[in-house]
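These features come from TrEMBL:
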TRANSMEM  A:6-26  transmembrane segment
TRANSMEM  A:38-57  transmembrane segment
TRANSMEM  A:63-81  transmembrane segment
TRANSMEM  A:93-111  transmembrane segment
TRANSMEM  A:158-176  transmembrane segment
TRANSMEM  A:197-215  transmembrane segment
TRANSMEM  A:221-238  transmembrane segment
TRANSMEM  A:245-263  transmembrane segment
TRANSMEM  A:275-296  transmembrane segment
Amino acid sequence: MSGEEFVPLSLTPLLIGTFAAIACALPGNFLVLRKQALIGDAISHVVLPGIVVAFLLTGAISTWPMMLGAAGAAVVAVVMIEAIRRLGQIEPGAAMGVVFTTMFAGGVLLLEQTDTSTVHLDVEHALYGNLESLIWLDAVGWSSLWDTEALAGLPPELPRIALTLIGVILFIWLFWRPLKISTFDEGFARTIGIRTGALGMALVIIAAIAAVAAFDAVGSIIVIAMFICPPAAARMMTNRLETQIAWSVGFAVLSAVSGYVLAGYGPLWLGSTDAVSAAGMIATMSGLILACAAVWGPCRNRAGAPGTA
Amino acid sequence: MTLELAADQGVSVAERSVEDSPLAIRGLTVSYGQKPAVFSVDMTVQPGAMTAIIGPNGAGKSTLLKAALGIVSPLSGQVTVYGKPLADQRARIAYVPQRASVDWDFPTRVIDVVLMGLSRQLGLLGRVRARHMASAMDCLRRVGMRDFADRQIGQLSGGQQQRVFLARALAQDADLYLLDEPFAGVDAATEKAIIEVLKSLREGGKTVVVVHHDLATVTDYFDHVFLINTRKVVEGPVAQAFTAETLQSAYGGRLATAQIDQISRALG
């Protein structure tokens with residue numbers, strides 16, 4: 001494919017898909033080890049009331065207020081999940097179940113009880129983005145990467161997800177040691193002065209921000225898949241957390257690129273005329289990678305599992 | 001009434017020794033729900049001694065330790081470490097949690113776990129240097145686990161995992177060592193290795209507190225005992241505090257008479 005075709009049509013969706021995949025996979029490593037991986041699923045439900053409230057306040061369907069509403073709802077949700085988990089002393093899955101069904105129901109109720117139901121407030125339209133549509137029409141080829149005028153026409157999702165990714169990387173780099181220690185042994189972490197409660201909260205808030213930024217750009221299906229599949233597959237490739245993180249990033253990139261390419265060209269190769277959803281294909285690829293790792297990964301035996309210890 | 005008496009005695013002993021006690025607890029109450037797990041407990045750990053915390057299952061032994069360390073929040077009570085608040089003295093404490101409290105499938109190696117004991121030295125972004133590595137390896141040597149440094153922790157036996165936890169505590173180079181059931185479910189060789197290390201710590205002037213469940217080894221291993229059954233029953237030197245009467249009072253009907261007889265014989 002030539003640069004004239006690739007840069008405007010495929011470069012930005014590929015980059016956005018890849019950045020979104022990495023931004024979710026990185027915190028996903030810790031969430032999977034802490035058995036909180038379904039938080040991505042939870043967040044995809046709890047953003048609804050946030051979007052509705054944002055719409056009611058602004059009266060317009062526009063990206064920024066809705067993203068802020070979604071992010072606000074996500075943060076409220078993770079705080080509630082943590083609070084219920086601690087105060088009720090129940091497992092995180094149960095706390096998540098209570099919070100996300102309640103907030104989703106609240107969103108539906110709000111939608112029905114206000115005038116919004118007459119407006120076409122389409123959640124899919126507002127947040128669950130479409131990767132293929134994020135094209136860069138101002139670009140004419142590789143040279144456009146140095147053309148400030150063309151760069152101004154970049155889809156706004158790209159800088160947003162890039163900034164989010166940088167934030168995620170900085171957080172994990174800065175708090176690597178406390179994150180690792182408190183994920184492995186929370187009691188010990190506390191005795192050496194790590195504020196495990198605040199750190200755990202910060203981790204889920206970072207994950208929520210990554211999720212909302214990725215919803216906006218690529219849709220919820222990738223988010224839920226990327227929180228779980230690359231880290232879970234990476235866990236079966238190695239017995240070291242440092243190496244696991246590297247594998248998970250590699251798997252996230254591989255899923256994003258191969259999924260995007262297969263969605264665009266796979267059906268053509270099979271003789272069909274239409275492309276399939278890139279987001280769906282990326283999620284499928286991450287699932288396939290996980291399946292391969294589960295079958296052939298060198299560290300897939302749970303040595304510490306009950307019964308074999 | 002007898003419990004109030006015990007508490008009163010605790011306070012009078014405490015007034016004298018709280019300043020230099022490695023760990024002094026006053027009026028500690030912890031609850032996980034309606035019923036308190038630990039109720040109004042006073043404890044004054046003797047410096048340079050090995051103390052066993054003993055009591056029946058669910059008596060609040062681990063909870064007492066966790067509350068003293070700030071891992072669980074007490075409803076009330078005060079904790080001082082060498083006469084100062086816990087938050088200022090974290091560097092002087094090493095803690096070994098129950099082995100079953102962590103997921104041993106966690107992707108990490110033995111040496112990485114021991115290095116966690118050096119994290120206060122390393123700080124947030126400090127790099128692990130050769131001297132940290134050497135110090136961690138020396139801690140592994142002291143528990144007889146040097147050859148296992150590169151193993152994934154899930155590949156170890158229960159006793160080996162317990163020794164790795166002890167090595168991590170050694171790496172902290174503390175003055176006060178608090179261990180939660182370190183002998184639970186370990187092999188005889190490990191039990192011997194652990195007790196040797198703990199005795200060597202005591203010889204070095206360190207203070208050791210162990211949540212312990214095996215009544216038969218108390219007189220061999222420890223100088224002091226602290227008997228608890230939600231409330232404090234008694235604390236003191238083994239010879240005075242670890243008797244058939246105090247055990248009966250701590251365990252009630254749960255300790256078989258035959259077992260008490262056996263212990264009484266062992267005590268002479």
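Just so it is clear, glycine is given a Cβ too, placed from its N, Cα and C backbone atoms.
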Take the transmembrane segment (A:38-57) and find every residue of the same chain, 6 or more past its ends, with a Cβ under 8 Å from one of its Cβ atoms.
24, 28, 31, 65-66, 68-74, 76-78, 81, 93, 96, 99-101, 103-104, 106-108, 110-111, 114, 116, 119, 121, 123, 126-127, 204, 207-208, 211-212, 215, 220, 223-224, 226-228
Candidates A:6-26, A:93-111, A:197-215, A:221-238; stretch with most C-beta pairs under 8 Å toward the transmembrane segment (A:245-263):
A:6-26
Counting Cβ pairs under 8 Å that are 6 or more apart in sequence, does the total for the transmembrane segment (A:221-238) and the transmembrane segment (A:158-176) reach three or more?
no
When counting Cβ pairs under 8 Å to the transmembrane segment (A:6-26), the leader among A:93-111, A:158-176, A:197-215, A:275-296:
A:158-176
Using Cβ atoms and a strict cutoff of less than 8 Å, what residues sit near the transmembrane segment (A:197-215) while being 6 or more residues removed from its termini?
20, 23-24, 26-28, 30-31, 34, 36, 39-40, 43-44, 47, 67, 70-71, 74-75, 77-79, 81-82, 86, 127-129, 160-161, 164-165, 167-168, 171, 175, 178-179, 182, 222-223, 226-227
